[in-house]
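A.B. asks: In case it helps, Swiss-Prot gives these features for our protein:
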- 1-26: topological domain 'Cytoplasmic' (TOPO_DOM)
- 27-47: transmembrane segment (TRANSMEM)
- 48-769: topological domain 'Extracellular' (TOPO_DOM)
- N69: N-linked glycosylation site (CARBOHYD)
- 85-769: domain 'Peptidase M13' (DOMAIN)
- C86-C91: disulfide bond (DISULFID)
- C109-C754: disulfide bond (DISULFID)
- C117-C714: disulfide bond (DISULFID)
- C173-C428: disulfide bond (DISULFID)
- N221: N-linked glycosylation site (CARBOHYD)
- N240: N-linked glycosylation site (CARBOHYD)
- N272: N-linked glycosylation site (CARBOHYD)
- N307: N-linked glycosylation site (CARBOHYD)
- N356: N-linked glycosylation site (CARBOHYD)
- N412: N-linked glycosylation site (CARBOHYD)
- N506: N-linked glycosylation site (CARBOHYD)
- H601, H605, E663: Zn(2+) binding site (BINDING)
- E602: active site (ACT_SITE)
- C638-C766: disulfide bond (DISULFID)
- D667: active site, proton donor (ACT_SITE)
- N684: N-linked glycosylation site (CARBOHYD)
- N698: N-linked glycosylation site (CARBOHYD)
Amino acid sequence: MKPENGAATWHPAKRSCLGRLTTLETLLLVFLGLLITALLSVLFLWLWVLDGYKTFTDGRPIYPLPFENSSVAVDRSAKNHNDVVCTSRECVRLAGFLAENLNSKINPCEDFYEFACGNYGLNKNLPANKPLRHTISDVQSRLNKQVKSMLQSPISANEKPWDKVAKGYYQKCLDEEELESTGVEAMRDIAKRIGGWPTLEGDKWQEWSHSWEEQIALVLNLTGVNAVILEMAVTHDPSNSSRSVIELDQPKWGAGSRYPYLSGANDPMLRNYTTLMKMTAVALGADPAIAEKEMNEAMEFELKLVNFSADDMVRRDPERGNNRFELWQLKSVFPFINFEKYLKTVFKELVALSPNHTVIVREIDYFVGIQHVLQSTPKRVLANYISWRLVQGFSPFLPPSAREPFYQFKANQTGMFNSPPPDRWEDCVTLSVIMMDMPVGRLFVENFFEKERAMKKMTELTSYLKNEFIKQLHVLDWMDEITRRRAISKANMIEYKSGFPMVLFNDTWMEKNWGMIIKPREYLLHLTIRVKLVRFTEELLRLDQPLDRSMWFQSPAQVDAYYAPNNNEMIFPAGIMQFPFLTLGVPNYITYGMVGAVIGHEVSHAFDDQGGQYDEMGNLNDWWDAETEEKFIEKTRCFVRQYENVHVVEADIHLNGQLSLGENIADNGGVKTAFNAYKAWKSNTTGISEPALPGFQNFTSQQMFFLAYANNWCSLVRPKHYIQIILTDVHAPSKYRAMIPLQNRPEFAKAFQCPIGSPMNPERKCQVW
């Protein structure tokens, strides 16, 4: 109780106690109190740091945590990061990933790929049966093991039917003993169903009485095998993305690329391909002499077809392939191909085709050219070729001894002579992800995907990336205002889908689509065909129906990302949303540099030389001002020249700047947009420095962003495989996807203080977006 006059109350006992202390003891007691206060202050400061600098300014944290349960420590060497280093398990793991690849002896301004990825080859081996290895394939390998662990577990009675069918398919695929005893029989049975393989049957083969058009329609209806002589699809109408149309196109070729065919039958790859055809026929029971003669004839027939086909670079223009006909008009343009008979046989009673149904013919010259070839080719040759392509497509279902030549053919294409075949489980995982896409995807999401945190992070990333791309559109000096408004409208309307389709966890939908039962002793090949035909029937039934834009056309369990121009949407499956691309619990300079650049890449695809021809609704539409379009084309020519000037020493070949143009535009736009998005995120969070990664205390956040980006593309490639990539792949080899976009970025040169004219800071740079 306080006295009225405010004087302190006297306590004699306490005074007596203090009174007995000497002056020295009093000073020591005061010092002890100060020491305890100082220690408590240090402890409080330490807890403050561990809690992620949760100091508030204007109601917001100076350093907002990019993840939960962070762990950081003070490190005076981390001058660029306010003396703070991240010590969480995620940060340590990511730092180890970067450090393992880093070659710090290289000057980053001389060769940044070698700086960032130079030790990748020292710490990673290139398997004898692989043509290349890179960061993406490493993630795919880990995902394959994750899928394997789920599918190999025993099937229990109380499991969902779609889980049972996915596991049952995989486990049946693994049964090599069954394949050894039934694989040839199952394949011969399928060949018999489609009219027989003459090479196997010899003189006993009976020629079919119907036309070749009806024959390939029959093959499609009975097996789901499509791209033989021609390829048919029910797909988006290029001019009206809300509806579906029939599309007819040239097929894919048995040897892969069309390039070896251009050299004729004596091309080494085609000789290997013809040998494969003969060996397969003999493995299935053909007389070697008959196989020799008739597979040569089949090869010559395919060669004639390829001669009328279009080059991939020419096919890049979507407007060129938008050749629209009504069904009744096809006869006048292609008088010797009965497309009406073919299509009506394919659709049967599922959809009633009228003469006015729209048909898109992507390659008019191809179909005009092959008419006379097909007229003059004996049915026996046609039947041999069709049967061969059927068996080739189903080669994973052959016994091991009959599969071996297929592995060797592929290996020889990429310089892997006498390489061992992959383990069977790898093939079976791949087949399961393709054939059981949604059941396997659901299992993967349930077991290995952090849905809430990952989806939340992707929402943040896509929002920042989209906003930054739109900001870039606002300041382009070569784009007129009308085109700019349309471009901004398109960018705003891009739909971002990440993780998995919502129907994946709709049990009713899963039961309807994947409630099938594996029949006792059903051949693996027959089960596969049964699944293919269900999916193919669904495709046919989409004709004339409103398009369901919520559909996904690949499994969530895939390491991939893509932009679909006819839907104006981009999809990021759960498979790519994992370490190292999306590592939850690391600073954002890593996240934006890795998966952020992937998002930026896909955003840029909406405006590359192909995607830019589609409007905001996904319709093929000339929405560009003519002068602006010419300026755009001129800027893309800079990329073509830049990439084609690069000489790949390992294969003594230059990059193909035209074939890879769309991907190069996207790579360059992607890293720029991701870097600007990171800066925007940082600005919106008061700009405080994020913690360093352990071992990278001397790097700035900007340097770490570019280091993370380059680590997307660390790779090992066999020299011969470089040739195949450059001639046939729309992507540049990984090394150059890391290097060239950074050579074009002034922000990179500034971050590493690269002098103008140095290899990583050339005077002439290319940029579109």
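Heads up, the Cβ atoms here are built off N, Cα and C, so glycines get one too.
Since we're looking at a predicted model, the values are computed, not measured.
Have a look at these and tell me how they're positioned relative to everything else.
C.D. replies: C754 (disulfide bond) falls within neither a helix nor a strand when secondary structure is assigned with DSSP, and so counts as coil.
The local packing around C714 (disulfide bond), expressed as other Cβ atoms within 10 Å of its Cβ over all shown chains, amounts to 28. In this structure, C714 (disulfide bond) belongs to neither helix nor strand by DSSP; it is coil.
For C173 (disulfide bond), the same-chain residues 6+ apart in sequence whose C-beta sits under 8 angstroms from its C-beta are R424, D427, C428, L431, S432, L524. C173 (disulfide bond) carries a helical DSSP state (H, G or I).
Packing around N221 (N-linked glycosylation site) is summarised by its Cβ count: 17 other Cβ atoms lie within 10 angstroms of its Cβ, all protein chains included.
With a 10 A radius on its CB, N240 (N-linked glycosylation site) counts 16 other CB atoms from all the protein chains. Secondary structure from DSSP puts N240 (N-linked glycosylation site) in a beta strand.
The DSSP secondary structure for N272 (N-linked glycosylation site) is helix. Annotation for N272 (N-linked glycosylation site): same-chain Cβ neighbours under 8 Å, separated by at least 6 residues, are F409, N412, Q413.
Cβ neighbours within 10 Å of N307 (N-linked glycosylation site), excluding its own Cβ and spanning all shown chains: 15.
Long-range C-beta contacts of N356 (N-linked glycosylation site), restricted to its own chain and to partners at least six residues apart, with a cutoff below 8 Å, comprise E326, L327, W328.
N412 (N-linked glycosylation site) has a Cβ environment of 19 other Cβ atoms inside 10 Å.
Look at N506 (N-linked glycosylation site): DSSP puts it in coil. The Cβ of N506 (N-linked glycosylation site) lies under 8 Å from the Cβ of no residue that sits 6+ residues away along the same chain.
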A.B. asks: Which secondary structure state does DSSP assign to C91 (disulfide bond), in the simple three-class scheme?
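C.D. replies: Its secondary structure by DSSP: helix.
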A.B. asks: Just going by other Cβ atoms within 10 Å, which of the disulfide-bonded residues C91, C117, C638, C754, C766 has the emptiest spot?
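C.D. replies: C638, out of the disulfide-bonded residues C91, C117, C638, C754, C766, has the fewest neighbouring Cβ atoms within 10 Å.
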A.B. asks: Within the same chain, and leaving aside H601, H605, E663, name every residue whose CB is within 8 angstroms of the centroid of the CB atoms belonging to the recorded Zn(2+) site, in sequence order.
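C.D. replies: Close Cβ neighbours, site residues excluded: Y563, E602, S604, D608, G662, I665, A666, D667, G669, G670.
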A.B. asks: Take the C-alpha atoms of N307 (N-linked glycosylation site) and N698 (N-linked glycosylation site) and report the distance between them in angstrom, rounded.
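C.D. replies: Spelling it out, the Cα of N307 (N-linked glycosylation site) and the Cα of N698 (N-linked glycosylation site) are 58 Å apart.
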A.B. asks: Under DSSP, is H605 (Zn(2+) binding site) part of a helix or a strand, or is it coil?
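C.D. replies: Note: H605 (Zn(2+) binding site) is helical by DSSP.
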A.B. asks: Just the number: how many Å between the Cα atoms of C754 (disulfide bond) and N221 (N-linked glycosylation site)?
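C.D. replies: Checking the Cα atoms of C754 (disulfide bond) and N221 (N-linked glycosylation site) gives a distance of 61 Å.
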A.B. asks: To the nearest whole angstrom, what is the C-alpha distance linking C638 (disulfide bond) and C109 (disulfide bond)?
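C.D. replies: Taking the Cα atoms only, C638 (disulfide bond) lies 22 Å from C109 (disulfide bond).
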A.B. asks: DSSP secondary structure for N698 (N-linked glycosylation site), reduced to helix/strand/coil, please.
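C.D. replies: Looking at the DSSP assignment, N698 (N-linked glycosylation site) belongs to neither helix nor strand, so coil.
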